[in-house]
């Protein structure tokens, strides 16, 4: 920690930044400083003001008051070259898939290596090779981006930032879509960046990562900076309570419910090569956790169970009867509800209102003659908003404008409004802040108590262990273990998951 | 639950179109004394009606995330098909009307069916049916205009009820029906959902193929209605009629705030768009601006409307 000594001058000093949108203060006199060679974890619930602060830092937004100084000099215009020294690795990747690694790294700067007219790919490739080597990346400069895995694309973005001689790199949820092995590779690169004096602002909801990688932690809550300090001074519980402003004594509700009748039975279910020969039963009032690494076939299994894909072999029994689910309509009619891991792609219609999204799957319940009965829709919406604690300015607000947690609650509401008996939740708390996470856990528990059968897919082992009655582990498309909660531990699950 | 029942005929951003329409009307009424006369307004209404019908049809399609380039060809096929059964003293009026609507419906269904079954892009499918439709119109009519139509048929495009031209009445009634379908029915809601996020709509249990089929069929029907009106107004079924109409109709929808990326748009906006195009054309006629310059003005307005719409969104 010696590099954060009193003698070191910060690269960036954010001073009393305030920003309001339509009279609502999103940032309230926020101070933050960033030192060379450190990883600063910026924490806060969704809507706490993290992304607004970052947008002000990289010049996408203008602060109402306050100042930012860079290497001791106050920056007035946000277009004064600051955008080149501060790079942001976005959640949504900003690359051109059809271009190569080298072409992406130097996109827009080709002229500095070539003549005015002709491209010199050879020179660009060499330069790219240099940057990749500097980061210890084993990527070919001539590979097209569309042929790379998500994690590798992220590495290319980091390489691009380095080639721009960025002094500050902002990483927004960099591990949300990559596997554990890739996370390790990313962290190695972060270490390399630190040694080169690059400062990193790291935004993530994953607590274990924060404590692995962060030197210092800053916590935003409701637009105020409520904590800045070394990472060692905090632990998970303390950090969570700083973020939500109250102590969460117990993240997972500890109650047992009576296991009811068998609602779902899967025998020899196969969709090669994604998964093969899966067997399990699911009862009312039971949560079955489905664990495994990325690519183990969990989401593919869920997609077959909800009618999005068809199986190649095996049978699905719902309430004892063999069910052939040709499409999602049939699955919904048979009482299966599915919350996708990719809510942006499969979960909601971004431009549609909260109300219309909530009733989208159950619209036929609101049929009156040939029309939609908006009164009965509004009644259901009012119940949903209250029950699920959805925070929206009104029922007319487009869901695309809500925070991740609230979007997820809308998706949950839409699915639950179809009155399913079997609820498949695929990564229900991905990209969701701690408060919403807790509410989703409570909801799962309520569903369980009301006798529904729940299949919970999650990459977060504490979540699987905390919520499940039994745990099914998949590895490379094969079922490797089915254990009770009492038998299960993180180590045991991992042993079977990496098989 | 404040403001839920508050009725909003426009979506945000469409007030600009309404404002533009009012400004153009005020300016034209100052520049040309004849503009606000009752007879001129009825002329504008009649001129707007056919483009508006097509624009309503394509609005459904664009909101659902598609596009339809075969509008003009459907106008021609429906026009010729209705004219062939509209000679005096042959069939009762319902037959030419029914044949015209059936012709449009058939091509619309073909569009929808090929798009949902083959997953080929709507742009390409309807580019194909645009040519097929034109060919069918020429085949049906043997390449010659179909004239000598009955008086009752000619009333549709040329007659008046209580002094109001029949095409304007058709326009008003069709607008109300389209507005109702889009806002009050399950189909309307599904159209927005499919255009807003097709994958999510599918996963939510919506039969996306069925929705698309209905949308293109509806568009075909509306084009057929436009074709019948046109045939009746010029008292001839022209196999070459309607060429280029698709562009005016798409322009009306876009000026009216329908996004080509799908998921947003209103019938009110499209009606405003069609009226804006009609009013400007009429005004330029009254100001003796030649049709060559009118084209330049019209193109500028299309781009200008979308640019202004984008600026409005940015400022929010």
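The first residue you see is number 1, and the count goes up from there.
Note: Cβ is positioned from N, Cα and C throughout, glycine not excepted.
Automatic prediction, not curation, is the source of TrEMBL annotations.
Keep in mind it's a predicted model, so treat the numbers as computed, not measured.
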Annotated transmembrane segment segment (source TrEMBL; candidates B:272-291, B:292-311): B:292-311
Looking at B:93-113, B:240-260, which stretch does TrEMBL describe as transmembrane segment? B:93-113
Any chance the transmembrane segment (B:12-35) and the transmembrane segment (B:215-234) are in contact, meaning at least three CB pairs closer than 8 A with a sequence separation of 6+? no
What residues elsewhere in the chain lie close to the transmembrane segment (B:41-62), defined as a C-beta under 8 angstroms and at least 6 residues from its ends? 68, 71, 75, 122, 164-165, 167-168, 170-171, 174-175, 178, 181-182, 191, 195, 215-216, 218-223, 225-226, 229-230, 233, 245-246, 248-250, 252-254, 256, 258-260, 262, 265-267, 270-271, 273-275, 277-279, 281-282
Residues of the same chain, at least six outside the transmembrane segment (B:160-182), with any C-beta under 8 angstroms of its C-beta? 42, 45-46, 48-50, 52-53, 56, 59-60, 63, 188, 191, 218, 222, 225, 229, 233, 266-268, 271
